[in-house]
């Protein structure tokens, strides 16, 4: 029966485990628990008296499972009825008999399911059934032991003596006997619930004041097989009494149990005597020692205990009879000889193998039996490993040694072999990696049969000495868009004029403006290299920490298919068009950039680090950037000086410095003079093409203003003036603003977006972009009060008029028809006075 609710009460001390945890160890099994489970499957046959051995197969299935995990099981069976438990056994026997009679009656009535339930409750495990399991287990070399009385006390003794390391059972009484480790509710796969005595302190209900003795007292007070509990006393109240009581005399505590619980409980004298008997039964119940082969009490008797008075805990018999009972040779009820098994003369049984190395273990199977003369209990795993370690590993506190690993071949990870470098990069090669790279696709010349090599000549400034170094960087050709090339050639042959403004920017390739550039710039050029003027600025060209970088780039674009390799800048090349792109550069000292570049398309121009929306001047996509696309409509002037756009950039920079620094007058004067000189030399066609030049906004962290460049007012203006409005720096990254295309800038400004109406279209198809277009800085800017439309403004526009229109007073009496006609807004007030409406009036007033 066990102790009601004990497992739930101490669930904190339980732990789910698998039985393989005890591999190589010995466990004891309460076999009657397996017998009861196995008998349920054949309860109907057992009730009818029909022969069956299904319960034997059920038990052996668990035995084989333990053997397969390398665990040695010892099957323990119940023996004679304990005198202190005769009343309990008699009541159980009467209950089983009543269920058996009821089941037979229900079976006669045809109620099979209800009869089967009654047969299940009437199962009685006899010694004959246990003997069948003993024979089946011995055939496989499994030790079996029949307890002189109860199997619980015998199992507890085996665990305390160290013969077994754990106990497999379904009865919670084992904890009251003082077992150290108990495995409960184990299934056929080996999963179970382990309760360790050392973990009982983890139970919050028990606390840290509980001992093994108090735990046993609690189990007895809550009700056990040897004594029923008082009315209204369970585990919780029994635990509360023992936690509050400090008196070591348990008899006095029981007499004052009503005082501790504040209950009106009268404790009879018979209950106190029954408590003492139950406690002595848990302590001194007789068990069989398989090593000494005699009956002994579970615990040694104390000095004040008389063994003669403990007859209720078991009566002594002769040791030879006790041995025969333990071996299963005698019936526990009649003491008749039913078997002649002798462990000393019996041949070792050969159990079936469970793994490939089981043969080595079968040789010592007889020696490992508990019935062998030389058998000694296996010490616990903790004591085996601790004792030698203390001797072999002395303390190393305060000991210092110098350890050398020179002679040791330590395992290490294989080192990753780096790729050997043929030669280190020079400073010029390193600088060329950070410069703008351009490519030119090689094309086949049908007339000459030779190929022109793609090259890019880059003049890199020397930051130390000052003179420029010329480098030729060869890059692999880039694959062009075949479909775009085909459409371009088709448009050129048909003579169609393609306006870039009417094309979709999503499907426009990098070379889609070649035909336009060929028609615009048709004059030969005398020079293909442009030298920029020196800039006396105090910012670094490479890697300023504030993120400011302005690069001056002059791109010479040749739209022809072939350019000879021996071309000299001074030669005259007919039918060629060259497009230049300007950039500004800052350096620590004065520097010059001279580039002679012949890329196939403008789409291949991109910087080394092209950040999206950042400092890069070229797009990541093959489509041309806005500034590059518009530069193809400009033509180079004959003067060897820089282009006007470069001057525009210089002037803008000088004007931005003019507001903050008053000491830069020489620079401004020099820039303005150069601007006026070069503007005068600008030709008519050059001025027409420069109408579409672009204004690039420069960045800074200190100033904020708008950038607005008004180039020309109308197409008919043939002068080459460049009207420059205020130039300043924004707190946003550098962007290329394209006239006619409104690009979304970064959300760094808190001002609202103001869109001006578009003006008249230009000849190129692109409209001029409004001067000041600002975006909201944050995505949450629409929640600001200044940017929201209030309800009052909406009601002003859509509200109803309060004052209704009143008809002017008249001297004539009102007419119910004439004066109730509401005039429409289109009708005139004197509609009735017109002669052409007289017929209508007569029809109305008649």
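Note: Cβ is positioned from N, Cα and C throughout, glycine not excepted.
Per Swiss-Prot, the features are:
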type	residues	note
BINDING	30, 78, 150, 152	Mg(2+) 1 binding site
BINDING	171, 173, 225, 270	Mg(2+) 2 binding site
COMPBIAS	655-671	compositional bias 'Basic and acidic residues'
MOD_RES	376	phosphoserine
MOD_RES	422	phosphoserine
MOD_RES	454	phosphoserine
MOD_RES	482	N6-acetyllysine
MOD_RES	598	phosphoserine
MOD_RES	610	phosphoserine
MOD_RES	621	phosphothreonine
MOD_RES	623	phosphoserine
MOD_RES	639	phosphoserine
MOD_RES	660	phosphoserine
MOD_RES	674	phosphoserine
MOD_RES	714	phosphoserine
REGION	1-99	region 'N-domain'
REGION	138-229	region 'I-domain'
REGION	388-490	region 'Interaction with MLH1'
REGION	600-846	region 'Interaction with MSH2'
REGION	787-846	region 'Interaction with MLH1'
Select the most exposed residue of 78, 152, where exposure means the fewest other Cβ atoms within 10 Å, treating these as the binding-site residues. 78
Quick one, of the binding-site residues 30, 150, 225, 270, which Cβ has the fewest other Cβ within 10 Å? 270
Distance [Cα-Cα, Å, rounded] between residue 78 (Mg(2+) 1 binding site) and residue 173 (Mg(2+) 2 binding site): 14
Using Cβ atoms only, which residues of the same chain lie under 8 Å from residue 173 (Mg(2+) 2 binding site) while being at least 6 residues apart in sequence? 2, 3, 152, 219, 224, 225
So among 30, 150, 376, all listed as recorded positions, which is physically nearest to residue 171 (Mg(2+) 2 binding site)? Use the C-alpha atoms. 30
In the region 'I-domain' (138-229), how many residues does DSSP call helix, how many strand, and how many coil? 32 helix, 18 strand, 42 coil
What is the number of residues in the region 'N-domain' (1-99) that are helix, strand and coil, as DSSP sees it? 60 helix, 16 strand, 23 coil
Could you round the CA separation between residue 376 (phosphoserine) and residue 30 (Mg(2+) 1 binding site) to a whole angstrom and send it over? 22
With every protein chain in view, how many other Cβ atoms are within 10 Å of the Cβ of residue 376 (phosphoserine)? 9
C-beta crowding around residue 171 (Mg(2+) 2 binding site), within 10 angstroms: 22
Could you pull the average pLDDT for the region 'N-domain' (1-99)? 90
Cα distance, residue 270 (Mg(2+) 2 binding site) to residue 30 (Mg(2+) 1 binding site), nearest Å? 32
Where residue 150 (Mg(2+) 1 binding site) and residue 270 (Mg(2+) 2 binding site) are concerned, what is their Cα separation in Å, rounded? 24
